[in-house]
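Over in TrEMBL, the protein carries these features:
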type	residues	note
DOMAIN	12-206	domain 'Succinylglutamate desuccinylase/Aspartoacylase catalytic'
BINDING	22, 25, 117	Zn(2+) binding site
BINDING	64, 179, 289	N-acetyl-L-aspartate binding site
BINDING	71, 72, 165, 166, 167, 168, 169	substrate binding site
ACT_SITE	179	active site, proton donor/acceptor
DOMAIN	220-299	domain 'AstE/AspA barrel-sandwich hybrid'
C-alpha cells in the first residue's frame, strides 16, 4: 500500500447525538436525556460530543410529531421558508436545528450526527447510510459491524434518485441514522436501548481512533439499497384491505422471492410477491408508516468499498 493511495480526511471534531426526532421513539429520548445529565460515556479526547433533543414538544406529548414529520423537512424549501405565525412547528424547529448544527451543506456544519430512532419492525440494530461515496462513514460502519459481531448490524442505503428523505441528520457532513427495533411506540425496552447505546459507543470509538491518526485500509461492506416502497392493498375508498402475511411478518432482511406471500385479506386470500429478482424487505409493518402508505420497503443487496483513509 503506497502512501499516495491513502485519502487524507479532516479530523472529526464536532459530533452531535440526536434523540427524539420522533417523540415516541424512546430509546434515543432516554439516552440523550441521560447523556445531557451525565455525558462521561460519550465524551472522547479531542472532540466535542453534544447530545440534543430534537423535537421536545413531540417528546413531551410522546407522539411522533406535532404538525409534520421533522425527519422529512430538511430540504431547501422548508429550511428557507419565511417564519410566519402558522408555519408548522417542525419546520420552524428544522430551521433552528439547521442554525445550531449547520447550515446544511456548508463548511460550518457539524462533522457528524448520530440520529437515534426506534422502529416497530424486526430490524435489529440497523445503520442508515445516505451517501454511497462517503468513505469515512462506510469505514465507521465497517468498524461498528466488526465490533458488534457475531450480532448482525445491517446497513440500509437510502440513496435513491426519486425518494428524497431530507432527514434531520442530513445537516451534518456525515449523517448517520441508527434504527433499532422491534420496540413499540411510546415504550422503552432495555435490550433495544442497550443495542443503540453500543452502536453509538463503537461509532465514537472509531472517530477517536481516526482523529488520533489510526489508518483504516480499504474495506468492503454489504448494504441493503432501497429500491421502492410498497403500499398495502387498498379499496376504492383508500382503506387498507389486506394485512402483512404471517410468513412475512418479522422477516426483515430475509430474502423474498417470486410467489412468496406478502399480504392476507380478512377473507383468507393470499396476495403473493410478483417479481423477477430476489429482494430483501425491511421496515415490515412499521406502525408509523401506515400514514405514509408504506407496508415495507424493497431493498437489494450490494457491496460498497471505502478507500484507505487517515486523518489529515
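In case you wondered, yes, glycine gets a Cβ from its N, Cα and C as well.
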Q: List the helix, strand and coil residue totals of the domain 'AstE/AspA barrel-sandwich hybrid' (220-299) as derived from DSSP.
A: 3 helix, 33 strand, 44 coil
Q | residue 71 (substrate binding site): tally of other CB atoms within 10 A of its CB | A | 25
Q.
Could you check which of the binding-site residues 22, 64, 179, 289 is the closest Cα neighbour of residue 71 (substrate binding site)?
A. 22
Q. Relative to the mean position of the Cβ atoms of 22, 25, 117, the recorded Zn(2+) site, which additional same-chain residues have Cβ within 8 Å?
A. 20, 21, 24, 28, 64, 71, 116, 118, 119, 288
**Q.** Cα distance (Å, whole number) from residue 22 (Zn(2+) binding site) to residue 166 (substrate binding site)
**A.** 15
(Q) Need one number for the substrate-binding residues 71, 72, 165, 166, 167, 168, 169: the maximum pairwise CA distance in Å, whole number please. (A) 10
Q | Segment confidence, the domain 'Succinylglutamate desuccinylase/Aspartoacylase catalytic' (12-206), expressed as mean pLDDT | A | 95
